């Protein structure tokens, strides 16, 4: 009898510790306000693109609007859209193609602010297709039928690369796209596993410094002043806390403008959340951070993506963009 | 004789480590491997020194150790309790055997998608993976330990009318303890592996995430420096659990035997 009692008690303790094992103390999550200050978590990828957010935070642009900002920097953007929809993050940062894919699948999200844009300067943009030194590939036209790496298949990388090839008079239909993380592309290029790589900063600078050559400024080719990414939120938050969304947009816009006007401070803030060394920090091409989402360029991106078959149906930009 | 025997392995160990460092320094310098992909040891050490000067590094180290310790603690507590209960009640043992054998081989990393769904990039994700992996290590060892109880000792205790608690305290526990320690030692290493993996793959705060950030930033020497730190952490944890085991089990034959040989 007593033995059974002890066994039962011990089992109960086990059950509760196992339950505690999974639990988490700081599961606030829902962006509750305390003392008029909204706690806001933004899902970001820790790359150069989101530097304005870190800069704006240190300048107090968010605090001024009663927003206590934290950046949740995960690996890769795949978790950001689900994170925003589930309420884990109040806002997120994602490229427009990913947002359009989500929109065509009726995921309830909406862009609230511009994220990052092309510099619109040929050969001086923060993303490009590169080849290794001595490669027979001279222009985008030569990429036809070649192996090109992108960080995510069926996303913005292959869309803009195809457009570069098309504009150079090549046939983009038989390019073999290979998926791999940006940091792996240099080694793959040098080993000859791929013929060309679609990369962004800081890998673009590193590859160029090692003798690599740029063959296409893909963002510039895709559309004039292409908006590449945006900050977005869930329809739920928009309907329940429109005021917070409005304040967040204002703070982001102020941050974007400030970042665009203070490139030195941007390079400085990179040291706080990336490990890009000082030399590379000084050398990287910074993107543009306009406040407006360029709707014409977004429309072009949508049309190109539809032509590629990335979207199940044409994205409805009126529903997605602010 | 014994002191020479004890001194030598340490010296030899250091000599081995020094040799490794020299090889790591020479390989890239002689152009056998590209220094962009494997920088010479001196540059890795320099990067390590730089890292040690940043608050972010110590915060990451703290995060990793915190997740490791909490996860291990929960797993050990749950594993020992569950092991004692399941092991000492034959019906429970028979009832759970197939379930344990089904769940135990599931690699913890396979639970990453689940962890991300439940906890995103927070500490909970790391804890889930660490607890799951470490729990089975302890549980299985404790089950073996309980099964190892000498039936004669058990019967003797019964005939002397030891209470249930008395039998657990004086018969079951001393027999199971060496197994528990083996379980803890295995779990401690596994917990570290899983903590780093969760941080690396999911992006939960800690050393693993710093490694991923260094990789994304093309900071190759820093990346290696952080990998060296995780290695050193593994060695330290192993030393710690071994020392703890030797101290706390000094009375036990397994440890006394180790010294005599």
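From the backbone N, Cα and C atoms, a Cβ is placed for every residue, glycine too.
What TrEMBL lists as domain 'ABC transmembrane type-1' is B:61-241.
Summarising the annotation, TrEMBL assigns transmembrane segment to B:12-32 (among others).
For the transmembrane segment (B:65-90), the residues of the chain that approach it from at least six positions outside its boundaries are 96, 123, 126-127, 130-131, 133-143, 145-147, 168, 172, 176, 180, 183-184, 187-188, 191-192, 194-195, 198-199, 204, 206, 233, 237, judged by C-beta separation under 8 angstroms. Summarising the annotation, TrEMBL assigns transmembrane segment to B:65-90 (among others).
Long-range neighbours of the transmembrane segment (B:102-121) within the same chain, counting only residues 6 or more positions beyond its ends whose Cβ lies under 8 Å from a Cβ of the stretch, are 128-130, 132-133, 136, 140, 194, 197-198, 201-205. For B:102-121 (among others), the entry in TrEMBL reads transmembrane segment.
Distant neighbours of the transmembrane segment (B:127-149): 67-68, 70-72, 74-76, 78-80, 82-84, 86-88, 93, 100, 103-104, 106, 108-109, 111-112, 114-115, 118-119, 171-172, 175-180, 182-184, 186-188, 190-191, 193-195, 197-198; these residues of the same chain sit at least 6 beyond its ends, with a Cβ under 8 Å from one of its Cβ atoms. Residues annotated as transmembrane segment in TrEMBL: B:127-149 (among others).
Non-local neighbours of the transmembrane segment (B:170-202) in the same chain are 63-64, 67-68, 71-72, 75-76, 79-80, 83-84, 87-88, 108-109, 112, 115-116, 121, 125-126, 129-130, 132-135, 137-142, 144-146, 148-150, 153-154, 157, 162, 208-212, 230, 233-234, 237-238, 240-242, 244-245, 248-249, 252, 254; each lies 6+ residues outside the stretch with a CB under 8 Å from one of its CB atoms. Residues annotated as transmembrane segment in TrEMBL: B:170-202 (among others).
Within its own chain, the transmembrane segment (B:222-241) is flanked in space by residues 38-39, 44-45, 47-48, 50-51, 61, 64-65, 68, 181, 184-185, 188-189, 192, 196, 207-208, 210-211, 214-215, which lie at least six positions past its ends and keep a Cβ under 8 Å from the stretch. Residues or ranges marked as transmembrane segment by TrEMBL: B:222-241 (among others).
Among residues of the same chain six or more beyond the transmembrane segment (B:12-32), those with a C-beta under 8 A of the stretch's C-beta atoms are 38-42, 44.
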